[in-house]
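Worksheet for the structure shown next.
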Amino acid sequence: MSSPPPARSGFYRQEVTKTAWEVRAVYRDLQPVGSGAYGAVCSAVDGRTGAKVAIKKLYRPFQSELFAKRAYRELRLLKHMRHENVIGLLDVFTPDETLDDFTDFYLVMPFMGTDLGKLMKHEKLGEDRIQFLVYQMLKGLRYIHAAGIIHRDLKPGNLAVNEDCELKILDFGLARQADSEMTGYVVTRWYRAPEVILNWMRYTQTVDIWSVGCIMAEMITGKTLFKGSDHLDQLKEIMKVTGTPPAEFVQRLQSDEAKNYMKGLPELEKKDFASILTNASPLAVNLLEKMLVLDAEQRVTAGEALAHPYFESLHDTEDEPQVQKYDDSFDDVDRTLDEWKRVTYKEVLSFKPPRQLGARVSKETPL
């Protein structure tokens, strides 16, 4: 059997958990960190700056048109994002020297250390930290929403946190209906807005605000707020707290099935949030009552939530970068596998790193 060709000049090869990695020589000390449905992540040290980075290798991104489309969208979304509370790209590279050879690419991002899910398992968070973490979630969401993107699947596991309690949102805009079919991974519904769970109607960016409310409540109480065993049970758990919606809301549902289901439910009164959220400050309770509203049209936006008195000590209007709308008209085009490869290769080669590569950037990098 012939041995594989030598590594590309300026690259080196290493086996990581039975997978061959070929990365740029500036990234040293590859250590496996974790793996998910679509790829594996290693930490590394950037030899130019000494900064720790996370490198993600997608599993066979061009195994099918569906996977190729997802890989292309992930790359374009990450390239678009330049905000301190949203994960962005420090670098992207391929060891493949031509389009014909192109099979893999690697995404380099800031290394964060942990995620909110792990953090909550290990310690009870105090009010100040909860306030700071929720503030950062909302700032990141305001930016993502201004770009015209809906996260759709915000949960503690995709909120990365470092040792300074700085937070970055991961995996935004990637949750599509096809995911479970592609990977067999079961999607957790506990943080999903009712209109997403039941496909009630065209949903808006406030689906993400519902998720923030669920996460904030969990940080306060140490327990998952709505822990349904399936989607109908999830809805029942939600309504035990929010109460059943008025008839006028039910009429607005686009699905007849959902309308009939809702009409058949016993009437439930809205609970007093303060009784569920023991130990929460009155301002925290008030903010949660504005986020966990069954009717999406009545839910606060990220910008409105940030202006809430709960964040008075943190609010800083100077801090907000402008964002261009993300053009997703390229993402849903039907292309052959070779066309997906070609457009992805072009995106990899056209990447320009943020100006302060790997350095700690206190203000957002302008687009």
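Every residue, even glycine, has its Cβ placed from backbone N, Cα and C.
Worth saying up front: this structure is predicted, and the values here are computed from it rather than measured.
Taken from Swiss-Prot as is:
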| type | residues | note |
| --- | --- | --- |
| DOMAIN | 27-311 | domain 'Protein kinase' |
| BINDING | Val33, Gly34, Ser35, Gly36, Ala37, Tyr38, Gly39, Ala40, Val41, Lys56 | ATP binding site |
| ACT_SITE | Asp153 | active site, proton acceptor |
| MOD_RES | Thr183 | phosphothreonine |
| MOD_RES | Tyr185 | phosphotyrosine |
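Note on the binding-site residues Val33, Ala37, Val41: the fewest other CB atoms within 10 A surround the CB of Ala37. The number of other CB atoms found within 10 A of the CB of Asp153 (active site, proton acceptor), across every protein chain shown, is 22. Other than Val33, Gly34, Ser35, Gly36, Ala37, Tyr38, Gly39, Ala40, Val41, Lys56, the residues of this chain whose Cβ falls within 8 Å of the Cβ centroid of the ATP site are, in sequence order, Lys57. Around Ser35 (ATP binding site), taking its Cβ as the centre, 16 other Cβ atoms fall within 10 Å, counting all chains. The distance from the Cα of Val41 (ATP binding site) to the Cα of the residue listed as 'active site, proton acceptor' comes to 20 Å.
All protein chains included, Gly39 (ATP binding site) registers 18 other Cβ atoms within 10 Å of its own Cβ.
For the recorded site, the residue listed as 'active site, proton acceptor', the DSSP three-state label reads coil.
DSSP classifies Gly39 (ATP binding site) as strand under the three-state reduction. Among the binding-site residues Val33, Ser35, Ala37, Gly39, the residue whose Cα lies closest in space to that of the residue listed as 'active site, proton acceptor' is Ala37.
The full span of the recorded ATP binding residues, Val33, Gly34, Ser35, Gly36, Ala37, Tyr38, Gly39, Ala40, Val41, Lys56, taken as their largest Cα to Cα distance, is 14 Å. Confidence in the domain 'Protein kinase' (27-311), given as mean pLDDT, stands at 90.
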